[in-house]
Each structure stands twice: as structure tokens, then as C-alpha cells.
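Taken straight from TrEMBL:
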| type | residues | note |
| --- | --- | --- |
| COMPBIAS | 41-50 | compositional bias 'Pro residues' |
| REGION | 36-56 | region 'Disordered' |
| REGION | 91-110 | region 'Disordered' |
| TRANSMEM | 142-161 | transmembrane segment |
| TRANSMEM | 167-188 | transmembrane segment |
| TRANSMEM | 209-229 | transmembrane segment |
| TRANSMEM | 262-279 | transmembrane segment |
| TRANSMEM | 285-306 | transmembrane segment |
| TRANSMEM | 358-376 | transmembrane segment |
| TRANSMEM | 388-408 | transmembrane segment |
Amino acid sequence: MAVFQRLSRSRLLHTLHHHHHHHPLSNRFSHSIFPLLSPSSPAPTTPNPNPSTDSRIRLPISQYENFTSKFRFNSSVLLLQNACISTSSGVAEKEGGAPKTNGGDAGGSKKTGEVSWVDLYLPEKARPYAHLARLDKPIGTWLLAWPCFWSITLAAFPGNLPDIKMLTLFGCGALLLRGAGCTVNDLLDRDIDTKVERTKLRPIASGALTPFQGICFLGFQLLLGLGILLQLNNYSRVLGASSLLLVFSYPLMKRLTFWPQAYLGLTFNWGALLGWSAVRGSLDPAVVFPLYISGVFWTLVYDTIYAHQDKEDDMKVGVKSTALRFGDSTKEWVTGFGIACISSLALSGFHANIGWPFYASLAAASGQLAWQIFMVDLSCRADCNRKFVSNKWFGALIFSGILFGRLVS
């Protein structure tokens, strides 16, 4: 602190001397405070008739000493901040200018200081349930809905728009199924979530909701989902109900294998099968299986990038992921997955006899996917989350290509 005080005094002396010729009052002010800032300054020779005040600046001595003490302290703090900026700026650059909170759109945690529309507009008692269903983080719903929309649009007859009713039903179903999946995940992972920075404030892990309340909320979501499933044909009802096995077992995969992202791909892209059957009443394997496989590879790309946010915490608690499996070879692996995704989409479009706009959009989507893979900084949590969230645009590009390709086919 003594070093900082000497630096502060020298800076103040230099500043006041620099302004001496420009500000007439600076001379009087500098002479009035230098005795307190510099031990070498001569003491005033004029006696003070009132010892309780300082005649030089007309302030009570107690206030004057308080002012100079605060001035020296604030100057020291400023110098300390300037000295530290060279190291802290490196961290900020690495983290993309954001705090290292490992926040992900699909993470579902409510971080300190983060305020969403859920906190602003919903009743207080409803907020934990909304956070449990990740209603404030729509990226997961988009990732679940896009394969459904692709399939429904691909199943439309040439020259026709997709079935709007089906798009609406599947959009609502994606919202509910995603919420149910998150609820199951939080119920099974509540002991792990408390040990992971990104997830420790989730409603069940933090104690905002009890496990029993989570189970009741899960039943409510599944009941609404059943109401949507019953709007479909019998073939699709059976096909849709069979996906629940994947939904309920997925949270266990991270304890058993380094490939939980592949299992998530099988779960999240079930709509690629269900959307076609809801429109046509059956499956066309030549079209829907490549579409389904493309979604699985797409999930392996974005969820591996997403998993790099939690790799340090995952190692501590013993949770497995493709991010830990691939390590420094992640970009090579996800590049292969990306190529397989685009190739499978092209094969599905070829068998569906879709028009040229699909392939133009597929080329644009390939560029977006390549940008994610090659530009992501896997050591930066904020950048991993940004690239992950950008996948909603990949899905939108494929959807627009199928839509216009079907209209001109």
C-alpha cells in the first residue's frame, strides 16, 4: 500500500503541475493539499487563529483528512486495476467477454443476475416449473421440432404446402416433450447437478422444487402430450409412444457410455420418422431413414460442441461424454459427423424427388455447419454455447430448402 501511496502522490503532483498555468486556482489548491500528500513539503508558517479549521481550504480538519484519505485509497485502487488489466483482459478475451458461467441455452440453469421473461411475467409460484421445462431457453425446442418439420414438409405432395395443422401439433408436441425430457433429466441428475457450475441452480437441484413436485409436473406434461398424440393416425400413435423409452432412458446414458450424444440423437430426431407417418400413414424407408440418420449425425455435431462446456465438471463427477472421448480430436470427429449429416440429407432429398432449391439451401447449411466446426473455440464456454445455439439457423435453412424444393418439384 505504501508503494501505491507514493505512486498516487507523484501522479497527483504531476497532474496539478501540468494544469498550473491553465487554471489560476490550481496553484492555491496544490499548495493547500501538498503538505498532506508529500512528507517533504514545508509546513505552513502563517499561524492559524482557529485551530479547529484549516485556513488554507476552509474545511474542518477532520473532513479534510477524511477527503485526503479517501483520495489516496481510490488512487491506489485505480492503480491496482490498471496493473491487473493486462492479465484480466486475457481471460475476458478467451471467454468471449462473458463471465465463465458455462451457460448454455439448453442448460436450463438460472444464473445469478440472469432475468428472463419467465421472471418478469409469470407468477412467482409458476416460475420454478417454467425453468424446469426450460421455457426461457427455446433452443432445445427448436432442435427437437426441426426434424419434425423437415419430415412433414418432405411428406407433402409435389407442388403443395405442408399440412399447417400437423406443423402446429408437432410444434406444441416438441415444446411438451422437450419439457418432459428436461424434467426427467433433472429428476435423475439432481445429485450430479449440484456439483456442476452450469446446473447447480436448476429448480430441483437448488431445492426450489421437490422431486415429488417434479414428478407431478412430468405427469402433467405427458398428459398434454398424450392429447396431441391422439390427434394422429393409429400407426403414428404407436410410433410416437415408442419414443418414450428413449426419452426416459437417455439421462442414464452419461453414466454408462462416452456416447450419450449419439443416444440423444436417436431420441431428438424421432420426429423425422413420426412426421412422415402422420401425413402418409406409413414410412418410406428410402426417404425417412436417411433423414433420421442425418439428424442423428447433426446432433452429434452440436451436442459434442455443447458438451465441451461441462468437460471439467464432468471429469470431477464421473460423467461421460463425447467431448471427453474425443478430447483434442473433437474437430476431426465432428467434421466427419457433419459430412455424414449433409450426405444423408442429400440422399433423402434425392429419393423424395425434391426440386433444386433444396440443394441450394443444403449448400448454405453446409457452410453454416462448417463455420460452427472450424470457428468454435472449444476452450471457451461462451463460444461453445454461441455455436450450439446457432444450430437453429441450420435447421431453418434445411426446412426452407425442403419447402421450396417441394413446391417446384
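Note: Cβ is positioned from N, Cα and C throughout, glycine not excepted.
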Cβ contacts under 8 Å made by the transmembrane segment (167-188) with residues that lie 6+ beyond its boundaries: 108, 132-135, 140-141, 144-145, 148-149, 152, 202-205, 211, 214-215, 217-218, 221-222, 224-225, 228-229, 231-232, 243, 247-248, 250-252, 267, 271, 274-275, 278
Spatial neighbours of the transmembrane segment (358-376) far in sequence, C-beta under 8 Å, 6+ residues away: 298, 301-302, 305, 331, 334-335, 338, 341-342, 345-346, 349, 383-384, 387, 390-391, 393-394, 397-398, 400-402, 404-406
Same-chain residues near the transmembrane segment (142-161), Cβ under 8 Å, at least 6 residues beyond its ends: 106, 167, 170-171, 173-175, 177-178, 268-276, 278-280, 287-288, 291-292, 295, 299, 302, 348-349, 352-354, 391-392, 395-396, 398-399, 402-403, 406-409
